[in-house]
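Some notes on the structure that comes next.
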Amino acid sequence: MSRVSQARNLGKYFLLIDNMLVVLGFFVVFPLISIRFVDQMGWAAVMVGIALGLRQFIQQGLGIFGGAIADRFGAKPMIVTGMLMRAAGFATMGIAHEPWLLWFSCLLSGLGGTLFDPPRSALVVKLIRPQQRGRFFSLLMMQDSAGAVIGALLGSWLLQYDFRLVCATGAVLFVLCAAFNAWLLPAWKLSTVRTPVREGMTRVMRDKRFVTYVLTLAGYYMLAVQVMLPIMVNDVAGAPSAVKWMYAIEACLSLTLLYPIARWSEKHFRLEHRLMAGLLIMSLSMMPVGMVSGLQQLFTLICLFYIGSIIAEPARETLSASLADARARGSYMGFSRLGLAIGGAIGYIGGGWLFDLGKSAHQPELPWMMLGIIGIFTFLALGWQFSQKRAARRLLERDA
């Protein structure tokens, strides 16, 4: 086995272990934030939505800067620094008794993610061969789902005693992850050339097709990030312990269906068709959520939503990676998170505001119908973009 093949092989295992630690650290804390501050402390959902939206927007919106810096200086220092910063954010969250302190803790957490997330994504693109990326992204998603359930179960158990224990556990896991990267991650370059920060960012911004695709995905992420789902499950069930079953459903579906669906669909369908089909299922499953009154009906709709996500997400990741320029991988993968920044922030803040508005106006279906409509519009916009791309390709072939 050549040294390059050996590095790729070892790199896969490193990425999987690193991802599990990150997912556990995140899901121990974040699924319980809305329950802690909305249900236990009585804050308005919009206050928590602002905090979560701020974290999302900072982490993903500034990702192009984190990616461009990593293109210049390498992945390792950015990843280690970012993980320690997130640990500090979680520690601060444990003592948050005022909205401004929760917002500050989410700001720290988001800045940490800005530093470590783009280089980690770029490492996947660097180490995994193009023909294997779809399946590897599926494995990462399966791991995400299993880690989400384990983290949520652990966090729910710790929440019975003290929310500070929840945050301390998340912080310790990110410190361990930082140590793991500092000890074992080689000083790999992310791009084929050591690209200056400004040049990497400029290269992305001039790629109009990539920029349009990323910005359109904001509508997809408005659906994907919904903080209201745990609150809805809690309201219908009447107990916060029911939230863990929502994550258990996601894990079971992901572990049993994600990899087989990815393997089968990559042989029969284009990436863009898989992304659009998943998005359509997600959109249609959101619309009736506010109209259900039983937990069984709600979990059925959540199952449909997760199946849509299982179809769409590996295709989205693979499509984003395939569009990235190898000369500025960090910058491209950082910018690819901008749709998540915009959609996540609007989804969190707007979703929380609509949820409060729907409750006060006795129209609980309002936020869910709006999300479904946004998903349909995003579906149509992506369809138009992909049809334009195919038309341009046919024109070039005809001219040739």
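Every residue gets a Cβ built from N, Cα and C, even glycine.
Look at Swiss-Prot and you will find 1-12 (among others) tagged as topological domain 'Cytoplasmic'.
Summarising the annotation, Swiss-Prot assigns transmembrane segment to 13-33 (among others) and lists sequence analysis as the type of evidence. Packing against the transmembrane segment (13-33) from elsewhere in the chain are residues 48, 51-52, 83, 86, 90, 93, 102, 120, 123-124, 127, 139-140, 143-144, 147-152, 154-156, 158-159, 163, 166-167, 169-171, 173-174, 176-177, 180-181, 184-185, 227, 230, 243, 247: each is 6 or more residues past its ends and has a CB under 8 Å from a CB in it.
The annotation topological domain 'Periplasmic' is assigned in Swiss-Prot to 34-98 (among others) on the grounds of sequence analysis. In the topological domain 'Periplasmic' (34-98), helix, strand and coil residues by DSSP number 54 helix, 0 strand, 11 coil.
Sequence annotations record features per position, and here Swiss-Prot assigns transmembrane segment to 99-116 (among others). Remote same-chain residues near the transmembrane segment (99-116) are listed as 33, 37, 43, 47-48, 50-52, 54-60, 62-63, 65-66, 69, 78-90, 92-93, 174 (criterion: CB distance under 8 Å, separation of at least six residues from the stretch ends).
Remark: secondary structure over the topological domain 'Cytoplasmic' (117-138) totals 20 helix, 0 strand, 2 coil, with classes taken from DSSP. The topological domain 'Cytoplasmic' feature in Swiss-Prot is assigned to 117-138 (among others); the stated evidence is sequence analysis.
Remote same-chain partners of the transmembrane segment (139-159), defined as residues 6 or more beyond its termini with a Cβ less than 8 Å from a stretch Cβ, comprise 15-16, 19-20, 23-29, 31-32, 35-36, 124, 165-166, 169-170, 240-241, 243-244, 247-248, 250-251, 253-255, 258-259, 310, 313-314. According to Swiss-Prot, the feature transmembrane segment maps to 139-159 (among others), an assignment based on sequence analysis.
Here Swiss-Prot flags 160-164 (among others) as topological domain 'Periplasmic', drawing on sequence analysis. Residue counts for the topological domain 'Periplasmic' (160-164) by DSSP state, with H, G and I taken as helix and E and B as strand, are 2 helix, 0 strand, 3 coil.
Packing against the transmembrane segment (165-185) from elsewhere in the chain are residues 14, 17-18, 21-22, 24-26, 28-29, 32, 36, 75-76, 79-80, 83-84, 86-88, 90-91, 93-94, 112, 154-155, 158-159: each is 6 or more residues past its ends and has a CB under 8 Å from a CB in it. Residues or ranges marked as transmembrane segment in Swiss-Prot: 165-185 (among others).
Summarising the annotation, Swiss-Prot assigns topological domain 'Cytoplasmic' to 186-213 (among others) and lists sequence analysis as the type of evidence.
The transmembrane segment annotation in Swiss-Prot covers 214-232 (among others).
According to Swiss-Prot, the topological domain 'Periplasmic' annotation covers 233-241 (among others).
Under the heading transmembrane segment, Swiss-Prot lists 242-262 (among others). Long-range contacts of the transmembrane segment (242-262) within its own chain (CB-CB distance under 8 A, at least 6 residues past either end) are made by residues 27, 31-32, 35, 134-135, 137-139, 141-142, 144-146, 148-149, 152-153, 156, 229-230, 233-234, 236, 295, 299, 302-303, 306-307, 310-311, 314.
Look at Swiss-Prot and you will find 263-274 (among others) tagged as topological domain 'Cytoplasmic'. Averaged across the topological domain 'Cytoplasmic' (263-274), the predicted model reaches a pLDDT of 83.
Sequence annotations record features per position, and here Swiss-Prot assigns transmembrane segment to 275-295 (among others). If one looks beyond the transmembrane segment (275-295) by at least 6 residues along the same chain, the residues whose Cβ comes under 8 Å of a Cβ in the stretch are 220, 223-224, 229, 232-233, 236-237, 242, 269, 301-302, 304-305, 307-313, 315-316, 319, 358, 363-369, 371-376, 378-379, 382-383, 386.
Look at Swiss-Prot and you will find 298-318 (among others) tagged as transmembrane segment, backed by sequence analysis.
Look at Swiss-Prot and you will find 319-337 (among others) tagged as topological domain 'Cytoplasmic'.
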Chain residues in Cβ proximity to the topological domain 'Cytoplasmic' (263-274) (below 8 Å; excluding those fewer than six residues from its ends, i.e. six or more beyond): 134-135, 138, 311-312, 314-315, 318-319, 322, 382, 386
